[in-house]
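According to TrEMBL, the features are:
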- B:525-541: compositional bias 'Basic and acidic residues' (COMPBIAS)
- B:15-241: domain 'Cytochrome b/b6 N-terminal region profile' (DOMAIN)
- B:515-541: region 'Disordered' (REGION)
- B:41-67: transmembrane segment (TRANSMEM)
- B:113-132: transmembrane segment (TRANSMEM)
- B:144-164: transmembrane segment (TRANSMEM)
- B:208-233: transmembrane segment (TRANSMEM)
- B:264-283: transmembrane segment (TRANSMEM)
- B:335-355: transmembrane segment (TRANSMEM)
- B:376-395: transmembrane segment (TRANSMEM)
- B:415-433: transmembrane segment (TRANSMEM)
Amino acid sequence: MSTQTGQSTRPGQEPIDVNDPQVSRFDIVREGARRDDIEIVHYEHQVAPGSKAERRLVRTVAGFFLLTGLAATAFLVIYIWWPWEYQPGRGGDKLFTPLLGVTLGVALLGIGFGILTWGKKLLPKEVSIQDRHEGAVSTEDRTITGQTMLYMADELGVRRRPLLGMSLLAGLVPVGAVAAAPLVGGLISDPHKNNQMMTTGFSPQEGQKIRLVREDGRPIRPADISAGGQITVFPGVEHGVSNRYADSPTLLIHLRDADAEDSRRNNEREGHGGYMWGNYAAFSKICTHAGCPASLYEQQTNRLLCPCHQSQFLITDNAKPIFGPASRRLPQLPIEVDAEGYFVAKSDYTEPVGPDFWERP
Amino acid sequence: MKRRKFDMAAAPGNSARAIDDRFQVATPLRRLLNKVFPDHWSFLLGEIALFSFVVLLLTGVFLTFFFEPTMTEVIYNGSYAPLRGTPMSAAYASSLDISFDVRGGLIMRQMHHWSALLFMAAIVVHMLRIFFTGAFRKPRETNWIIGSLLFWVGFLAGFTGYSLPDDGLSGTGLRIASAIMLSIPVIGSWLTSSIFDGEFPGTIIISRFFIAHVLLIPALLVALISVHLGLVFKQKHTQWPGPGRTNGNVVGERMFPRYAIKQGGFFMVVFGVIALMGGLFQINPIWLFGPYEAWVVSAASQPDWYVMFLDGSTRLMPDWQIDIPIGDGYVIPPLFWPTVVLPGILVMLSLFYPFMEARYLKDYRSHNLLQRPRDVPFRTALGAMAVTFYLILTLTGANDVIADKFHISLNAMTWAGRIGLLILPPLAYYVTYRICLGLQQHDREVLAHGVETGIIKRLPDGRFVEVHQPLSAPDEHGHTELEYAGWVVPKKMNRLGALGPAIRGFFYPIEKPAEAPVSPGHPPVEPRPEREEIGSGETRR
């Protein structure tokens with residue numbers, strides 16, 4: 001059925017009798033559309049019913065659906081029987097997820113392309129025009145609605161009885177605050193509790209200086225690091241090597257003689273004399289920019305690079321920032337060696353560790 | 001008593017009548033079935049976002065059955081041998097379990113992550129389409145605002161989502177997020193401390209992010225998406241200009257059945273592609289990153305792509321620290337500007353753009369017809385400028401990887417980004433503006449003089465000229481000039497149905513000449529009854 005509508009079927013035409021058995025179903029559809037201000041102006045079968053092209057398309061669509069069935073079955077078979085448990089090394093289990101993906105993907109694409117072919121190729125093409133009816137709301141309607149709402153205000157009489165409005169407001173504001181109070185009160189937490197922003201795990205406990213320990217908890221002797229080497233150290237306290245002391249990881253560096261000389265001189269200048277022990281210096285590993293561990297140490301240039309935003313710090317000059325977005329030097333940990341020959345922190349860091357904040361002194 | 005016979009054939013009609021008696025749905029249902037939608041491939045971009053959101057919900061619900069959102073320390077004892085015996089948070093351990101010990105868990109995780117990336121990508125591309133075609137103009141400003149908010153809420157959904165596994169990479173991201181909050185003047189430390197319940201990382205942030213990620217943010221997304229779609233439905237879709245299309249009508253297809261079927265098929269295709277990606281392409285292999293430890297990071301730690309522009313802006317920011325010498329002294333760290341102020345400006349700019357443009361153009365009418373980007377050069381150029389800005393920041397987010405792979409100095413990359421960010425966007429504006437004008441001019445040329453045929457004619461005086469095919473029959477003055485209609489101007493002869501028939505069919509030719517391509521929405525051009533191939537003397541039927 002190909003219908004090309006001309007001028008004769010524009011709106012204004014007599015509505016048809018939908019109960020008339022003579023009227024075709026399409027005519028009823030078109031009548032319905034017209035009642036919604038839609039004109040079907042072009043309606044055309046893309047393939048002739050019963051034609052070779054139609055049969056071919058039907059076969060294609062059916063093929064897609066059958067492919068879906070096949071792939072979905074394969075998915076189930078693989079899901080149930082494929083050896084999926086993780087084994088070290090190469091093995092069939094590494095194929096489990098890819099196979100699931102391929103079978104599921106093919107199954108879904110099969111439905112998708114099947115439906116698309118059905119809709120795009122087998123269904124008649126049409127062009128319909130619908131009116132937008134913008135500005136259909138008359139100004140009169142707007143006036144009526146506006147007046148109705150104003151009348152509601154009149155009925156409530158807020159203007160005439162101002163006490164009502166005031167008291168309602170006075171009542172509602174505290175109620176709103178009540179709603180917010182538990183949320184704010186429950187969540188709020190003082191950032192300066194126990195002076196936590198200024199202290200780290202290296203702060204001496206009961207007069208006892210804190211040892212520098214490795215990741216496995218063993219203390220460190222100066223001989224453990226060769227010249228030019230560096231090691232990440234932690235406070236030798238309980239859970240010192242964990243995220244509970246996320247601001248404490250420190251880089252202990254054994255500088256070569258010439259660099260150590262520079263470093264010491266620059267330390268003196270900043271009033272940090274005695275922070276180093278011999279050729280050893282310890283700097284906070286937590287970047288003063290965004291808190292990543294600044295962990296890439298270039299031995300030749302004594303630069304420390306933070307891999308997150310590429311701030312670079314010059315270790316021999318109090319770890320001051322020399323490139324990138326960081327604006328503050330890495331705090332230095334004053335260190336010495338205790339009676340048993342292990343590194344300890346002389347005191348806690350003398351500057352706040354980690355990313356900068358408003359009230360940092 | 002007589003047994004009533006059940007008439008099978010009348011059952012649907014009877015039940016339909018029964019339903020309509022009670023709910024009076026016949027008229028609204030007819031309206032819904034009949035609603036006309038205009039069709040164009042670019043209108044499908046937003047739907048990719050919608051469909052990937054559905055996939056996100058489906059796979060996300062699956063993941064919640066197995067994920068344990070706590071930071072309690074456990075010793076891993078699952079299938080993945082390299083990490084066995086490692087202390088880690090329960091969140092990370094359960095994420096590993098989803099990857100290795102839940103049958104089919106890994107594909108669900110990867111599909112979830114891929115559809116999240118696709119969701120954000122589709123939002124961005126959809127937004128560009130809306131912007132460059134002027135679809136945000138009155139009466140659709142509200143929907144533009146909702147769409148912009150959807151990007152930022154999606155951004156939050158993505159960030160809280162990829163922070164949940166508590167692996168080495170996401171923990172670093174969380175660390176940076178805490179530093180960003182810390183950098184806010186006056187309230188920074190209080191805000192951070194309240195969100196993390198103390199110093200970073202605390203023990204509760206994963207649980208809080210979890211409830212935000214699975215309840216609060218999805219609820220907000222669902223609400224925004226519903227209003228977004230509702231408004232598209234209520235205000236009716238925009239359409240391209242074309243034959244029969246006016247500002248006051250919609251030309252297209254009725255929603256049912258063909259339009260709806262195509263939508264359904266498209267959903268399945270999007271779903272299928274996500275399944276293929278989830279199965280075949282590894283994403284976020286958390287088992288390689290290890291648990292989050294505050295002292296471990298590796299080079300090339302990049303966030304998901306939609307966060308990378310912020311990473312980039314952070315990298316480019318110079319070390320400008322503002323000291324306020326009052327009392328003990330106060331600081332505004334440089335981190336504050338690229339990560340709090342810049343996104344704030346971007347949000348505001350995008351939210352208010354429709355109103356700023358309307359004010360600038362003094363155009364307060366309603367527009368339902370789209371504009372071709374070339375027809376509004378300043379807007380297209382502004383868009384190109386914004387895209388350039390965004391791309392530079394995104395690329396800079398990976399500048400360490402680029403420096404590494406192409407053996408470029410890292411510092412040079414940073415400086416290139418800083419300078420490029422200032423110079424390239426204005427350059428993009430200028431170039432785009434010129435291109436738009438050039439395209440406009442060419443459109444007018446073709447309308448005035450016709451299509452280039454590629455046929456060179458020699459004039460009696462020896463000159464060579466190209467023959468042009470005018471687009472309309474000459475009027476009484478012999479002019480063939482046409483008005484520009486805001487729509488594609490045919491610029492090649494085969495757009496006019498010239499040249500020989502293209503041969504269709506894969507293995508053997510289908511004996512039917514191809515239809516001349518038409519824009520959807522107007523009847524196909526009838527081919528001439530008999531057509532000759534230019535060049536050969538042989539006639540083909």
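We count from 1, first residue shown onward.
For all residues, glycine too, the Cβ spot is worked out from N, Cα and C.
Automated prediction, rather than curation, is the source of TrEMBL annotations.
Here the transmembrane segment (B:113-132) has long-range neighbours at 42, 45-46, 48-49, 52-53, 55-56, 59, 144, 147-148, 150-151, 154-155, 157-158, 161-162, 270, 274, 277-278, 281, 283-284, 304-306, 353, 373, 379-380, 383, 387, meaning same-chain residues at least 6 beyond its ends whose C-beta is under 8 angstroms from one of its own. For the transmembrane segment (B:144-164), the partner stretch with the highest count of Cβ pairs under 8 angstroms, out of B:41-67, B:264-283, B:335-355, B:376-395, B:415-433, is B:335-355.
Packing against the transmembrane segment (B:264-283) from elsewhere in the chain are residues 44, 47-48, 51-52, 54-55, 107-108, 110-115, 117-118: each is 6 or more residues past its ends and has a CB under 8 Å from a CB in it. Mean model confidence of the domain 'Cytochrome b/b6 N-terminal region profile' (B:15-241) amounts to 95 (pLDDT, 0 to 100 scale).
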